[in-house]
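Peer 1: OK, Swiss-Prot features for this one:
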type     : residues                                                                               : note
ACT_SITE : Asp313                                                                                 : active site, 4-aspartylphosphate intermediate
BINDING  : Asp350, Glu354, Phe383, Thr384, Ala385, Lys386, Thr387, Arg388, Met389, Ser390, Lys401 : ATP binding site
BINDING  : Asp524, Asp528                                                                         : Mg(2+) binding site
TRANSMEM : 37-57                                                                                  : transmembrane segment
TRANSMEM : 65-85                                                                                  : transmembrane segment
TRANSMEM : 219-239                                                                                : transmembrane segment
TRANSMEM : 262-282                                                                                : transmembrane segment
TRANSMEM : 594-614                                                                                : transmembrane segment
TRANSMEM : 622-642                                                                                : transmembrane segment
TRANSMEM : 668-688                                                                                : transmembrane segment
Amino acid sequence: MNENKGNFANKKMIKRAVKDSFIKLSPKTQMENPVMFLVYISSILTTVLYAVSLVGIRDSKSSFILGITIILWITVLFANFAEAIAEGRGKAQADSLRAAKKDVEAHKIISLEKKDEITKVSSALLKKGDIVIVVAGEQVPADGEVIDGAASVDESAITGESAPVIRESGGDRSAVTGGTTVISDRLIIQVTSEAGESFLDKMISMVEGAARKKTPNEIALQILLISLTIIFLLVTVSLYSYSIFSANQAGVVNPISVTSLVALLVCLAPTTIGALLSSIGIAGMSRLNQANVLAMSGRAIEAAGDVDILMLDKTGTITLGNREACEFIPVNRVDENELADAAQLSSLADETPEGRSIVVLAKEKFGIRGRNIRESNMEFIPFTAKTRMSGVNYNNSEIRKGAAETVKDYVISRGGYYSKECDEIVARISNKGGTPLVVAKDNKVLGVVYLKDIIKQGVQEKFADLRKMGIKTIMITGDNPLTAAAIAAEAGVDDFLAEATPEGKLEMIRDFQVKGHLVAMTGDGTNDAPALAQADVAVAMNTGTQAAKEAGNMVDLDSSPTKLIDIVRIGKQLLMTRGSLTTFSIANDLAKYFAIIPALFIGLYPGLSALNIMNLHSAESAIFSAIIYNALIIVALIPLALKGVKYREVSAGKLLSRNLLVYGLGGIIVPFIAIKVIDVLITAIGIV
């Protein structure tokens, strides 16, 4: 999925785009873009005018008509090329995905109870609800849910990520994708999609653009462009009638030529944005694909650009996902070294990230090295949900660590004393957003291990940037309100939802939407599905359940919760690019007006030469220069349309001011300079 990332295009893509540019000359394809269809019709009209001029029926020189005709056809081809090069990126990605989509032999069974009764069938014949067995070395034949077993799966063909992932029955890691490969153990999978409707099929369809529909914003902009084009068409027709009247009044034989008026119409029509509009939308989808995010619709990308509420999971997005030991706090005058030694002993067999961090902290702070856990006199007590403690029996002593209330009951049951000091330390750590683990030896409390949520580096700056953009961030966590408040304050989020439930998340999203906000969120579990279905931008993790993926309108193939921030940036960049190029395109008309209008009427009204502020060489050179610029600017802006306008984390007001300056004022100045340069060049080489 990361193919061509960061590249404008390669030779193969350019070659295919050139070929497609000519294929797109069919009337059916041209009619899909009304603005460029006008240029297409104009090209046909001038071609006919040139043909009849060869037999003596003309209102301009044949060479002039031929020149305008060639430039108009080149303009149409450039517009086709812009769209084809954008589509080419998607086709290149689709080709790599098709390579992963192979018809393989599937081992179908009737039920879990009859695992030995295997029927070999083609993966293309599998239906929703079928059960298959996939062993190490085999490709997963279809999308499904793991209903038995656990295995490492290579998903690089889909995600581009070489590291294998674990897929297992139950929980939020049960979804598997057809085209991935099992590299260890065995999975029993229930198929969840019909043939041709798999996740891979949807990906191919989306990246190729076959399933892409115009978004409401695109439709609204296209209506504006069509309206402007109709206005300019009426103006041009009126000018022709006016030129006939003026010619008769002045006693001049020839009014303005039809060819010149066609050139005027094409120059005044918003052809630049008309040619690039489709490319901008396709490129936005492509940038998401390059970020390993699959958008189910262009509407979702646009919504991401308008989002003003971001609901972010604490774990994995704001924090690293694992709490780490950061301090040993002894009580009852216990030596800190003794507490660290006991805490490390109780954690030697603890393979959780928290347990390993205790071992590391004791080593770093006191130089206490881990002992051999295979010593015969060590009996490790594993953590269970029932006991809420873990520990070790060692040298006739019982060392335990766990939740405060559990350890308190343990100590008191053995005739020990649980001090008020320990309660105060536990409360203080909880208020800071940390997790206290109390450590006891036999019937004596030694102290507390402070486990802290580690805030990801740089998230405070990211949230500050989002705030500048007018986006409110809300942290979603299952922690208690005190812990949630402390972490939210440290991370710099605007608000939080503590002890979050599926119902609570859904209610919060609805409340914001009623107030007119657009909400984005991420999720991976079945319990996230209702909220994902309600959110305007819903990013489901690829590692998540099938229900979550179906509820979301985007799927993150990397399963990175922080990707939501990048998605919002891409959405805003898409909207900015479209707006900036629209502004530039319309601003261009002013310069082209000063180039062509004096050239058209200077024969009838010599006084209009005062409007020739660019001092263009002649009427013909003015028209040629304007229409050549009109074609070249399309090609010049293709890289910007594909890469997008550079996005900055500033307020909408500042962005608008900057873009009006760059693309509004720039859209006026650039054509004045370019048209003058073209006029000098074509005059120097004798074209006119």
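Heads up, the Cβ atoms here are built off N, Cα and C, so glycines get one too.
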Peer 1: Examine the transmembrane segment (219-239) against the transmembrane segment (65-85) and state whether at least 3 Cβ pairs sit under 8 A, considering only residue pairs 6 or more apart.
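Peer 2: Between the transmembrane segment (219-239) and the transmembrane segment (65-85), contact is absent.
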Peer 1: What three-state class does DSSP give Met389 (ATP binding site)?
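Peer 2: Note: Met389 (ATP binding site) is in a strand by DSSP.
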Peer 1: Where does Asp528 (Mg(2+) binding site) sit by DSSP, helix, strand or coil?
Peer 2: helix
Peer 1: Using Cβ-Cβ distances, find the residues under 8 Å from Phe383 (ATP binding site) that belong to the same chain and are at least 6 apart in sequence, listing them in sequence order.
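Peer 2: When sequence neighbours closer than 6 are ignored, Phe383 (ATP binding site) has Asp350, Thr352, Met389, Ser390, Gly402 within Cβ distance under 8 Å.
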Peer 1: Helix, strand or coil: which one is Phe383 (ATP binding site) in, per DSSP?
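Peer 2: Reduced to three states, the DSSP call for Phe383 (ATP binding site) is coil.
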Peer 1: Taking 3+ C-beta pairs under 8 angstroms (sequence gap of 6 or more) as contact, is the transmembrane segment (262-282) in contact with the transmembrane segment (622-642)?
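Peer 2: They are in contact.
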Peer 1: Would you kindly check 65-85, 594-614, 622-642, 668-688 and say which stretch has the most C-beta pairs under 8 angstroms to the transmembrane segment (37-57)?
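Peer 2: Result: 65-85.
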Peer 1: Using a 10 Å cut-off on CB atoms, tell me which of the binding-site residues Asp350, Asp524, Asp528 is the least crowded.
Peer 2: Asp350
Peer 1: Looking at the recorded positions Asp313, Thr387, Lys401, which has the shortest Cα distance to Asp528 (Mg(2+) binding site)?
Peer 2: Asp313
Peer 1: Just to be sure I understand the packing, how many Cβ atoms besides its own are within 10 Å of the Cβ of Lys401 (ATP binding site)?
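Peer 2: That number is 27.
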Peer 1: Fill in the CA-CA distance, Asp524 (Mg(2+) binding site) to Lys401 (ATP binding site), as an integer in Å.
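Peer 2: Here the two Cα atoms are 32 Å apart.
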